[in-house]
Ligand SMILES: Nc1ncnc2c1ncn2[C@@H]1O[C@H](COP(=O)(O)OP(=O)(O)OP(=O)(O)O)[C@@H](O)[C@H]1O
Ligand SMILES: [Mg+2]
């Protein structure tokens, strides 16, 4: 890992290449958590990190932050090789990894003061971050007595204490109420405007879509998509439109004859490969069918996510609950 | 330094530490209280009677000593006679005599402090490893050896400070008790240097216990690991292996037992009797006794520390942290 090799990654705030990690249990079992994972986060991005449960997000972040040893792969953080150079970059880095635990007997304020002291951060920062995460008035209560969302806020406060250039947040919205989620969103935007790079993992896709400019999607320990949010979405844009008319069957016939793939739904049609929506209205109008709705079906992050993670290299065995319960197959033993 | 201060406030804020400190004070309190209850200032009459008895004893000893000097001056019991000086303290009953009893009391105190140190140190690192507090700290300061080392140094320093304070208070309390409700006894220079040396050795033992507790809990990632190690050692080795040694007639089994070295360390030396030695007929040239000294003990402690604490640091360096 010489610095020349890493030179071309200098602009990337985080660069991960071919990361592999297999957890081995005492009984000799092995679980592949990361299977050659790659990720690049450039300076100034708010980068969303998505993936189903157990896909390896937390493991990636832990490995990057030196808590877990990688089996293979290369990582750099803020232009330095990780984890070797972590002590050097730690002052520029704020991170929370999956619901951090704090010492319950301390108040929130004291927790932060001790951290500030241990990290050589001026004590004024404590009040600043407490206010920033909305805990100023509850700072003198014991952490034990905090709600889940309050603990999460405290965690974010601790990550902000150093005024980091890079913020790594593993599920920061975990346990937050709607107002809290919104505050978190505003906070991230604010930080991003101030030039801070944010890497955030989350399961709230609408949230990611709202705040992130870039995303990386991981499934079964491998990257399945990455890039600007719009680009990732447009890769899944099939030019589909929802068309609503009175006589669905006749309209479907017309459009199919015109060479468009049409799917008949309950009360509307889904037409793909539409270049110009006006053309559909015109075709149907000429035949006396008046279009009551003509809406483009742009893919959202959720549908893309679901498609991508199901099309992962090795499909995830999901939906067992639904598979198991087939309507009519359950005999409750109730006599009619 | 800042890290150490932060660790210190975490240590002092732990409920378990506070509870253990209360128990420690309670144990010492009970010891002092029972002593208070069983001692009294000797009355004039008692002193008079004791003096009388000392005189009687002197008179009885005198002919024995003379007999020795004349006939067989180098017999060991003659030495004993020569050195024996009956004291008033020996003939007072129900009176606490500081010089006679403080050493045993100090042993008791050291045993308690060692147990306290072991538990505190083990739980300090064990609880943080299980709760994820350590992970948090490492995110903040990604230097594992520094973080773990500071933790160990902090707990050792705290335990040492507490033990020094406890020793001074404990010995001071008994001294005051002797002055008020008993007798101080012969407090010559030799006595004090002996006492100080015993306390210093005791403090060493307390630090040893703390380091072992810390190391074992780190190795096993859990406070319970340290307790398990001690319980297993005590049952499997100190009891189980001792029986096996007995059955196989192994020679000098005590030298394999940590407890022997603890005894040797505290007393300066410990003698053991090897019941299976000298069975081959050269009786007179063969000594059945053998000795372990505090130097042997120091070596054994050093090796144990290297294995457990060294092992803990070596594995912690590269381990995956949850
Ligand atoms: N300490 C560990 N020991 C064994 N297996 C582990 C360990 N940590 C994680 N794993 C496994 O590694 C895989 C990835 O886990 P990881 O926590 O990275 O998932 P994640 O993407 O963060 O999931 P989630 O969205 O539920 O937080 C999972 O299969 C998990 O069971
Ligand atoms: Mg996770």
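Cβ atoms are placed via backbone N, Cα and C, with glycine included.
A quick note: this is a predicted structure, and the numbers were derived from the prediction, not measured.
What TrEMBL lists as transmembrane segment is B:16-37 (among others). Cβ atoms under 8 Å from those of the transmembrane segment (B:16-37) belong to residues 96, 105, 108-109, 112-113, 116, 119-120, 123-124, 127, 162, 166, 169-170, 173-174, 177, 181 of the same chain, restricted to positions at least 6 beyond its ends.
Here TrEMBL flags B:105-127 (among others) as transmembrane segment. Residues 11, 14, 16-17, 20-21, 23-24, 27-28, 31, 35, 133-134, 148, 151-152, 155-156, 158-159, 162-163, 166-167, 170-171, 174, 195, 198-199, 202, 205-214, 216-218, 220-227, 230, 266 of the same chain lie 6 or more positions beyond the ends of the transmembrane segment (B:105-127) yet place their CB under 8 Å from a CB of it.
Taken from TrEMBL, the feature transmembrane segment covers B:148-175 (among others).
What TrEMBL records for B:195-217 (among others) is transmembrane segment.
Taken from TrEMBL, the feature transmembrane segment applies to B:224-245 (among others).
According to TrEMBL, the transmembrane segment annotation covers B:294-316 (among others). Packing against the transmembrane segment (B:294-316) from elsewhere in the chain are residues 144-145, 148-149, 152, 201, 208, 211-212, 214-216, 218-219, 258, 261-262, 264-265, 267-269: each is 6 or more residues past its ends and has a CB under 8 Å from a CB in it.
Within the same chain, residues 3-4, 7-8, 11-12, 21, 24, 28, 32, 35, 96, 98, 101-102, 105-106, 109, 113, 116-117, 120-121, 124-125, 128, 184, 195, 199, 202-203, 206-207, 210-211, 214, 218, 309, 312-313, 316 sit at least 6 positions outside the transmembrane segment (B:148-175) and bring their C-beta atoms closer than 8 Å to a C-beta of that stretch.
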